[in-house]
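Chemist: Below is one structure. I have some questions about it.
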Amino acid sequence: MNAPSVPAKTIADPNALPSYLNADNLGPWGNYLQQVDRVAPYLGSLARWIETLKRPKRALIVDVPIELDNGTVAHFEGYRVQHNLSRGPGKGGVRFHQDVTLSEVMALSAWMSVKNAAVNVPYGGAKGGIRVDPKLLSRAELERLTRRYTSEIGFIIGPNKDIPAPDVNTNEQVMAWMMDTYSMNSGSTSTGVVTGKPISLGGSLGRKEATGRGVFVVGTEAAKHLNIDIVGARVVVQGLGNVGGVAAKLFHEAGARVISAQDHKGIVYAPNGIDVPALLEHVSRHGSVEGYPTEPLDSDAFWALECEFLIPAALESQITEKNAPFVRARMVIEGANGPTTPAADDILRERNILVAPDVIANAGGVTVSYFEWVQDFSSFFWSEDEINQRLVRIMQEAFGAVWQVAQDNRVTLRTATFIVACTRILQAREMRGLYP
Ligand SMILES: NC(=O)C1=CN([C@@H]2O[C@H](COP(=O)(O)OP(=O)(O)OC[C@H]3O[C@@H](n4cnc5c(N)ncnc54)[C@H](O)[C@@H]3O)[C@@H](O)[C@H]2O)C=CC1
Ligand SMILES: O=C(O)CCC(=O)C(=O)O
């Protein structure tokens, strides 16, 4: 007997999004989808490819079991998502955090695709993470976790496939363990498999400071357009880690006044300016700003401080429709990925507060990661001056181009950056074609 024919639409609606990609998901992935929708009218004939941007190419979930120091076995959930590989191998960091989820890593990988295209480094976008609070692990447990995770994702990463790097709660040591594990599994030393490594293992001078330096460069470029003098300008920073700590230090050295800083444990406030080197020294000793002398300030008041530069450099969705109406900054420079929701973007725009978006403002890190990868391939290493000069040039040119697109189209800097980046990604997609 012949099987009854089933209309194709009931088998698979070609336009239906998989459930985990739905914009109704209000987390970072939902925010990213809204940002893509805003760019669609500016893509011309390339808009027919836009679905490419709305789903990751590949998402891997791995179980990462390790033996804890007390002899029990613990299982952690790990991810590596490659959002788009049209312009080159995947590139993006690895985050260790107790709140990491698949949809968060999907969003972070998508923002990497956009960021890499915005500064025109030859990469697609990827990101990884483990759902773990690393502060609860011993160093030996952290090493076992990193090595097992690297082995589990080993078949989709590689110097020409996908190159991880540091992100929240990961650092040079974690990158060294990843490089070593991948190298042992593949049979030869492979320095180009990760960036953000220690200098002694093929890391690049300037990489540790690069993201914060890029935030500073974008801030100073934006300030020129708004006629703001850096000397004496007030800066408010959320997050004093790799990104926020360096950005605060560079603004302080340039003569700005960092008047408040918030991290996961507390808030420091000094209306005349914080002694930033002393604060960073305190943070490196005690793990947070907690205990540093301060005038009192609560979180609502922190976001409402009058300042020239507000720099969110911690986690996603920090500026929302709840606090955006109270922000009194001249501009927001996004050090973190995804710190401002689309609803907050609209409020800030209405209130004439400039937002330099993550996908350009924090691109300094991946730019120097690119330099590191190139140096590893050629085994020829550049001076820190050369690296910083090239970084500043790329950031200034990319920001200048985005500024012009924003003026020409009367759109926000975020939509302008998406126009530049998505055009590059979809042109590559179209030129490559669909079939093997
Ligand atoms: N490390 C890098 O090269 C790059 C990082 N980013 C982004 O920058 C942001 C920060 O990353 P890193 O500085 O590398 O991380 P990190 O781990 O070095 O520092 C994170 C900082 O955020 C603070 N923080 C964490 N949870 C918080 C909370 N609930 N409230 C207030 N502060 C909190 C921590 O106390 C710490 O000061 C992330 O969004 C990351 O994706 C973006 C581009 C490159
Ligand atoms: O340096 C890199 O490869 C990626 C850094 C990163 O994760 C980011 O820009 O969000």
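Glycine residues also receive a Cβ, built from the backbone N, Cα and C atoms like all the rest.
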Chemist: Looking at substrate binding as recorded in TrEMBL, which candidate out of Ser317, Ser369, Ser378 goes with Lys91, Lys115?
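Modeler: Site partner of Lys91, Lys115 for substrate, according to TrEMBL: Ser369.
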Chemist: Are there any residues at least 6 positions away along the chain from Asn242 (NAD(+) binding site) with a Cβ closer than 8 Å to its Cβ? List them or say none.
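Modeler: Sequence-distant Cβ neighbours: Pro166, Asn171, Lys208, Thr211, Gly212.
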Chemist: Given Lys91, Lys115, Asp167, Thr211, Asn242 as the recorded positions, which ones have a Cβ positioned under 6 Å from some atom of ligand 1?
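Modeler: Close enough to ligand 1 are Asp167, Thr211, Asn242.
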Chemist: Excluding Lys91, Lys115, Ser369 themselves, which residues in that chain have a Cβ inside 8 Å of the centre of the Cβ atoms defining the substrate site?
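Modeler: What remains near the Cβ centre is Gly92, Met112, Asn116, Val121, Tyr123, Gly125, Ala165, Ala363, Gly365, Val366, Thr367, Tyr370.
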Chemist: If you draw a 10 Å sphere around the Cβ of Ser369 (substrate binding site), how many other Cβ atoms fall inside it, taking every protein chain shown into account?
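Modeler: So the Cβ neighbour count for Ser369 (substrate binding site) comes to 29.
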Chemist: What Cα-Cα separation, expressed in whole Å, is found between Ser369 (substrate binding site) and Asp167 (site 'Important for catalysis')?
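Modeler: Cα-Cα, rounded: 12 Å.
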Chemist: Translate the DSSP assignment of Lys127 (active site, proton donor) into the three-state scheme.
Modeler: strand
